[in-house]
Every structure is written in structure tokens, then in C-alpha cells.
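The domain 'NADP-dependent oxidoreductase' annotation in TrEMBL covers 29-299. The active site, proton donor annotation in TrEMBL covers TYR65. The site 'Lowers pKa of active site Tyr' annotation in TrEMBL covers LYS95. If you look up TrEMBL, you'll see HIS128 marked as substrate binding site.
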Amino acid sequence: MALPRSSGGWSRTPGFPAGQLGGGVVPAVGFGTASLRFVGEESFRGALVAALEVGYRHIDTASVYGSERVVGEAVAGAARRGVIASREEVFVTTKAWCTQCHPELVLPSLRESLQNLQMEYVDMYLVHWPMSVKPTKPHYPMKREDIVPMDLRGVWQAMEECHQLGLAKMIGVSNFTTKKLQELLAFAKIPPAVNQVELNPVWQQKQLMEFCKVKGIHVTAYIPLGGRHRTSTVNNPVLDSDVLKEIAAAKGKSVAQISLRWIYEQGASIVTTSMKRERLKDNIDIFDWRLSDEDRLKISQIPQHKKVSVLSILCLDGVSSIDLSEVDVVEL
């Protein structure tokens, strides 16, 4: 397996090339910031600072997370303290939420994100979900009756403008199925550099991964350690996997490290998080060892469970005028 190249200043993690028109390099492991609303700003800020200190050089945020301001402050603070040489050393991703996915709102939404981040550009700007909701402040859960038809062509043209203006070095998507990618690629002048999706040993996305490989779209994995599944008989199908536990014990690694290494060996970058410094360090200690062919075979046979669907971000009640299967993220 060919390993990705070094990402220059991102010394603790290698990186993957992304983007067909010059593109750039996506660091192999990034720090995710969706947890801010659950852990509180003080704890979150401490973890983000620790991540930068131990070597993370990709920070993944989004307008709906409410974390952009804290991210910007942490990066600026790290530069002042010499933890990083400058803002340019950190790869920053943010995303346009469903309420912003309207042709006339994409660019203003990015400008608002940049103001929150106190940055002149982001390295990656993503369409967060293949769905449009009536314009309002980014939030979830959203009302089903507020879902409206998505003008994907118009939205993507606005994303391309963000890139052409130099406000986003690369543009991409998140939660796009093969079908949605095919729809987008039919008219995109600038193809998406990245598709950020749920990916881990219990949701391996084999069809989507192969499609993205053929089309030159880099995949970034979120929920790489499984999370809690409402539909599963175990709390966390990744961390509670007997197969992964067996491999971890044999290699003297944690189950989390086995999952992250497996994703890395698929050619995908990773967005993960922890509030604990030691776990943050462990999560990037995956580059100087490999899984065996036998390990990969065992992992390929793990029963599959998906955590995220469109129902995860919608109110339980209400009726949508849009067929929810058209905006879902489950690969059929």
C-alpha cells in the first residue's frame, strides 16, 4: 500500500493529496469540534489547545457547531505562543449548513464563518449535507416541513465562486452518497476535492470509497470510533467489537488505534476528538506500524451498523414535502 506524503509543516501527521485542480494536502488526522455544545466552551478550548500542542494540524469546524470563534482564537493563540509558526500551518475546514445551502447564501455564509474564525481564508469549505432548509440561523434538529428543494447546481456554482475568490483553497462536500456525487459531477466545473462521511470498521462504505477513488475525490472519515448507536445492541459497535479487541490485544494497541489505522490504510483522512491529552496523543500514534492481511480480512467481515441518517438532524414530528430518501446519507 502506498502511504501518503508528508504534509510539510504538519510534522506529527502525514497528509493525503486532494483536489484535481492543483489542490493541496489534507492532514491524515484532524481534531473535530462538533462536541463543543456537549462539553462546554472551557473544556473544549482546553482540548483544542492540547490537540495543537501534541501535533494536530487539521481543525474541522462548521457553522452549525458554534465552534468557529473558539477555533480562530485557539489558532491565533497557538501562533502567538510559538506552538505553530503561523495560521498557515493549520489546515482549517468549515461547512455550510442546510439553512445556508441556497445559491445566494453560500458566499455570505462563508464570509460570516471567516469573520468568526478571524481568518482570511479556509483551507476547505464543504456543503455539510445534501439538503436545503428554509434560511435561518444554523441549528438542529430542524423541522421536517422546513426542508425545501435543493438547487445543487446553484449551490455548487456559489461554492466555486468561494474558491475563485480565494476564500476557500479547496471546496468539497459532506454526507454525499454515490448518487449525489454523480449528480454533482455532471455539471461541476471544479469537482469536489473531499467527501467527508461516516466511516469506520462497522460502516466501511465500500461502494462509496471505490467510487470516490475512481473519481479522484478524497474521503475524510468522521465518527471514526463509532459513537453510540441507537439501533445497535451494544453501546459502541467499534470500541465494543470483539474482532477489534482481539487485534488490539495482539498488537499492544488500543481498539481506537486499530480503528484509526484501518481507516488510514483505506486512504482516508480522519476527524476525531477527545477531551483528554493522552488520548489525543494516542490517536495520532498510528503511523509507524501496520495491520496485517489477516487483520484486514477479519475487519472486512465485521457486521455493519450505520449511526448517522437524515433522521439524526430532524425533529421527530412533522411532515416533509420532500422525500426523505432523497436527502438521506445511507448508501443504497
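Any Cβ shown, glycine's included, is placed from N, Cα and C.
The distance from the Cα of LYS95 (site 'Lowers pKa of active site Tyr') to the Cα of HIS128 (substrate binding site) comes to 5 Å.
Taking the Cα atom of each, HIS128 (substrate binding site) and TYR65 (active site, proton donor) are about 11 angstrom apart. Sequence-distant neighbours of TYR65 (active site, proton donor): residues of the same chain at least 6 apart with a C-beta under 8 Å from its C-beta are THR33, ALA34, LEU36, ARG37. Summary for the recorded positions LYS95, HIS128: the Cβ-based neighbour count within 10 Å is maximal at LYS95.
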